[in-house]
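**Student:** The domain 'Nuclear mitotic apparatus protein 1 N-terminal hook' feature in TrEMBL is assigned to 6-153. Residues or ranges marked as region 'Disordered' by TrEMBL: 188-207, 445-473. Taken from TrEMBL, the feature compositional bias 'Low complexity' covers 189-204. What TrEMBL lists as compositional bias 'Basic and acidic residues' is 454-465.
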Amino acid sequence: MSLHSARAAALLAWVNSTKVCPDPLNDLSQLQDCSVFIRIIHKIHGSKERESVLEQPLPERISFIHGFLQKHCRHKLAAENLVSAQKLLDGEELALAKVAVLLLYHTSMSCKNPGDWNEFDYKTQVELASILKFVLDNEECLNENLEPFLQRKAEPSSSSMSSSTFEERSPLFSLPYKRELRFPELPRTSSFPSTNLPSTPSSPMGDIMQTPQFQLRRLKEQLAFERVNREELEVEVAENHKLIMEKDAQITTMQQRIDRLVKLNEKQAEDQLESKEIEELREKNESLVGRLHEAFRQCQDLKTEKAQMDRKISQLSEENGDLSFKLREIASNMVQLQRALNELSEEHNTAMAQSQEKQRQLEKELHVALQDKKCSEEKIEILQGKISLLEDQLAKLEECSTQEKGEVMGDILKLEELKQEVSSLTAKGARLEEEKQQLDSLVTSLQSSLSESQRARERLKRDLQARAAEGQA
């Protein structure tokens, strides 16, 4: 199965971003001679063997890369089990992609300032972030899972796909991961369903590097690196101490020899040895004294170096303790803030559901009140027309005889009833208007309450992000 095209392109874009080669690479096969990997190692770790290694044949270059991965990467079996030397020698693209993944992971973990990820387009950042997230989630089974992950067939997509759809299709935004990565995006985007704000994160790589999972792993990597340095220094100090002991033994032996020569010289002087033999003994004595002074000087140098090593070990121990305390403090703060955020989210979601239901009910009642008001106004208009017609008829009847007036008395009563009905309607309309104003006031109050809840949640999110930034510093 061929490589996942989007992930291969993202890895190639990251390699080009390191700017270790003069011309950008267009294909992973161009990494076959491993020289680009060695230059990346030199840039991120300051390796002094770069020039000499680049002059070596390809097998020696691959051996150097294996050694680096075994020493500096968390995955100790990566060089032997995960990345095959023979496949690298054959230039297999899958093996080259594996080395690029491990170097990307190591760079992100070890560099204090990993660079500006915004130089990559959004799709590339999503792929790089998914690679980092995959390595974090599969540390114990990377040998079995990395190869299928890099070969996974790409899902169909289009350039017009929305950012939310792209996030859902990417492995980075699967359901378990969404709970971990959503909160760094909160200060920029809102998860409320009633808002129309954009939901696309500005930098997926920046977001994943701000997650507690990544920050804790980064601190653990730094602690492990400092621990390895301390162990190496302790081994070096032990070797120096052993050398000092050997030098002390040599000095003792030389001192004994000098003592014997001095006694022999005194005895020979007493026996009146020939001047030539005495001169030879004197020269030997001076030579041994000179060697003794040189041994003393070397011993002093070793003792000075040992004292420096002891001070450095003490300093590293103190820094290690500070890092451990800081790690525990950050982890505790992260847990507390995350718990508070989860509680506030649950309360907000509950209040949101209740408020939406209440708003729908109020809107329905308002709609019914407006319909009643409209019907009443229509009835009033009809009744007022009838009243006007009857009033005109009454005006004409006033000119008629008294007998005719008695005949139309029923119309006059009908007119009085219409006027009462109109008065009862212009009053019902007033009550409906008052109810409408009360409903409007309730809707406004509800919206104000929701806004205050949203502001409180955003303040907590900013506090959580500040804690994460403090842990990274």
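Keep in mind that glycine also has a Cβ here, set from the backbone N, Cα and C atoms.
Keep in mind that TrEMBL annotations are predicted by a computer and have not been checked by a curator.
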**Student:** Mean pLDDT over the domain 'Nuclear mitotic apparatus protein 1 N-terminal hook' (6-153): what is the value?
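**Tutor:** Averaged over the domain 'Nuclear mitotic apparatus protein 1 N-terminal hook' (6-153), per-residue pLDDT gives 83.
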**Student:** Per DSSP, what is the residue count of the compositional bias 'Basic and acidic residues' (454-465) in each of helix, strand and coil?
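**Tutor:** Across the compositional bias 'Basic and acidic residues' (454-465), the residues distribute as 12 helix, 0 strand, 0 coil.
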**Student:** For a three-state summary based on DSSP, what are the helix, strand and coil counts in the domain 'Nuclear mitotic apparatus protein 1 N-terminal hook' (6-153)?
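**Tutor:** Residue counts for the domain 'Nuclear mitotic apparatus protein 1 N-terminal hook' (6-153) by secondary structure: 104 helix, 0 strand, 44 coil.
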